[in-house]
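Asker: Sharing the features that TrEMBL gives for it:
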type     : residues : note
SIGNAL   : 1-19     : signal peptide
ACT_SITE : Glu112   : active site, proton donor
ACT_SITE : Asp253   : active site
ACT_SITE : Glu346   : active site, proton donor
ACT_SITE : Glu367   : active site
BINDING  : Thr473   : Ca(2+) binding site
REGION   : 508-531  : region 'Disordered'
Amino acid sequence: MRAPVYVTLFLWVLNDAAAHQFTEEEMASTRQRIRSMFYHAYNSYLDNAFPYDELRPLTCDGQDTWGSFSLTLIDALDTLLVLGNQTEFQRVASLLQDTIDFDTDVNASVFETNIRVVGGLLSAHLLSGRAGMELEPGWPCSGPLLRMAEDAARKLLPAFQTATGMPYGTVNLLKGVSPTETSVTCTAGVGTFILEFATLSRLTGDATFENVARRALRALWKTKSDIGLVGNHIDVQSQKWVAQDAGIGAGVDSYFEYLVKGAIMLQDEELLHMFLEYDRAIQNYTRFDDWYLWVQMHKGTVSMPVFQSLEAFWPGLQSLLGNLDSAVRTFQNYYSVWRQFGGLPEFYSIPQGSTVDKREGYPLRPELIESAMYLFRATGDHTYLQLGLDALESIERIARTPCGYATIKDVRDHQLDNRMESFFLAETVKYLYLLFDPDHFLHGGRASGDSSWEAGGEGGQCVLGAGGFVFNTEAHPLDPAALYCCSQHSRDHQELRDLLFSLSQTSGESDNWGTTADAPPAPPANQRASH
């Protein structure tokens, strides 16, 4: 195996980099470079691609990719506020309200629409007070961006009408699920809803969203193998596993992420129990020398000895659980691959120490930078700042074009592809910036002259923005404290739903989306999220 050679090289780099401590001036200078990166990409999108979903940076035009939502604008909205641009945040928030219509005849990915559109709108809604927007009475329990998020999420609900409660992968926003739609979807496409849907339910008082997300999670949990693993693709009607490779990467990754973050955000022991059971099996069957391989879900035998770039979120997730030693060693392995190529190929053969055929691309993914941010927060080790600076310079050197930043088609020769995915502005740039801004309010910090919290809720007694934000898998920050602002609001809505449900039962009708028996108990009005 060549991997130990790279680890040795990386450890040398770590020791060398650790000698340098970044000054406040260097941190500020790097943040300014990251702002410049953001605005080069953002302005290129506005000038050349809006209202399409994404920018094509080689031809300086746009294309629709995930549903004609002006997706890059939605995804970048909260990043504008992270960078301190309240004026543009306000302009774009108003523009989206005037231009986005979800009542369209478009086939959309249920997973991508949730994490990018619903998540982006929810985050912007919860940050709108800090952005200086005029707030409706009772915010964050009401507001135009919240209504947009609810509208988008409601368009996804027909996908959950399956025998198991696990959703289809695609839904038509106007017509629902096509009769010819495949019932096979990836594991992450089943288990990546609880953050956004629980937030919606707690803010609006409509338990529907949280109910369907929990039902899908519980159905998926029941399908794990006898050795405690899940595969890659499942038939949501029959519960049969179609792809039985078990790992932590593509097609599975954010399922595990949402169990951990859902447990943190909702203070939910059931979700934490699920993850810890999975983690025990993952450590037993897939971990080899601080790499994580792919194995057959029933037997535990190695099926793919590869590292996938999407797996680079794992050290950050482990750090949230306090598993720092393991997280640091795995991060070292992953960064050795980055240094080999100047980016992470989609697939990397661990035994051969090389890219995998037809998987040599790097679409400017954020996961390694995300983990660096979490590990820096956990350790204070300036090594991770050096790695962030390396990433910034690498992207500038190999991906920058006169019209944005392009996907790397092949990390071996740095050929470019004509696409800039919306997650570049939503995640990659945001995590880079937050890595170099440890006092940012999203970390619970308090900048000079900046109030670190706000009052909210119907009575103005709710405290928001005091820290402890949870990032969804598209890096959209959600404030757990907001979930407890609207408890009275929720109870009022639930009493109305109970009344309507009892009337419908009397008339012989049924509720397609669950009853109050499925609903989580409303927390006390004065209950706060603990972080």
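Glycine is treated like the rest: Cβ placed from N, Cα and C.
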Asker: Looking at the recorded positions Glu112, Asp253, Glu367, Thr473, whose Cα is closest in space to that of Glu346 (active site, proton donor)?
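Answerer: With Cα distances computed to Glu346 (active site, proton donor), the winner among Glu112, Asp253, Glu367, Thr473 is Glu367.
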Asker: Which one, from the active-site residues Asp253, Glu346, Glu367, has the smallest tally of other C-beta atoms lying within 10 Å of its C-beta?
Answerer: Glu346
Asker: Between Glu112 (active site, proton donor) and Thr473 (Ca(2+) binding site), what C-alpha distance do you get in Å?
Answerer: 10
Asker: Could you tell me which of these recorded positions, Glu112, Thr473, has the fewest other Cβ atoms within 10 Å of its Cβ?
Answerer: Glu112
Asker: Provide, as an integer number of angstrom, the distance between the C-alpha atoms of Thr473 (Ca(2+) binding site) and Asp253 (active site).
Answerer: 9
Asker: In whole Å, how far is Asp253 (active site) from Glu367 (active site) when you measure between their Cα atoms?
Answerer: 11
